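Have a look at the structure below before the remarks.
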Amino acid sequence: MVDGIVGGNTWEKLIATVQQGDSNTAVRAVQDQLRNGYGYGSVTIDGVFGSGTNSAVRDFQSKRGLGVDGVVGLNTWHSLVTGSSTGGTGTTASLANQILNNTRITLGTSSSTSGGSPRQYIVDTANGLPAKRGCASNANCGLTVYLKRSMLQGMLNMANAGNRFYITSVAGGVHSTYSDHYAGLALDIGIWNGTSLSTPNSAHTAARNACIAAGSDPSQTFNAYNDASGGHNNHVHCAWN
């Protein structure tokens, strides 16, 4: 039945079940959530479902009353993406308030998807609330995520280094289902120190370098010249671990 509602049956079709031995982007998304959302510091974010990830998944399942089998299926995925223990309080709220008050950071007020704009996400975080994920007909529809400290601190670090920039996307916009945007770990930059990034230019390189200097993961920081997927000719994408 077509009802437009992402319920249990739809979720089951959208998610990718992963377990020990798998190696893909879905595994990396699980590792992102475990390490950055729930404090499993021993988990390596490499997209490989090894023994360390298996142990963390089993511990997570046990603590949340789920079946302990090490398999990240429908129920474990749902718990991972809707119940992050590192909420928007304390440090994250303070960082968000600093971002709102920083004149070097301009936050977009619109989004190409439902959910919210970059500015709204930061306002929500400042108020201790999760961000509503952008919905692009995938498993993120209707879900929320707490923006991570590493990304918020990185944004501030770039501004405090003397840069001015415009943020076009945080947890919204059209991205792959397991994008770091939907994990609260990534941001997109559309203007860097007064130069538009809508076409490839030297500001692409400057913005990417600044993100990396501010702690972003070099392997997940893309621009027009460092772009495995070919989708970053008009912005710079920076993701933290």
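The backbone N, Cα and C atoms fix where each Cβ goes, and this holds for glycine too.
Just so you know, TrEMBL annotations are computer predictions that nobody has curated.
Copied over from TrEMBL, here are the features:
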| type | residues | note |
| --- | --- | --- |
| DOMAIN | 24-78 | domain 'Peptidoglycan binding-like' |
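With helix defined as DSSP H, G or I and strand as E or B, the domain 'Peptidoglycan binding-like' (24-78) counts 32 helix, 2 strand, 21 coil. Averaged over the domain 'Peptidoglycan binding-like' (24-78), the predicted model has a pLDDT of 87.
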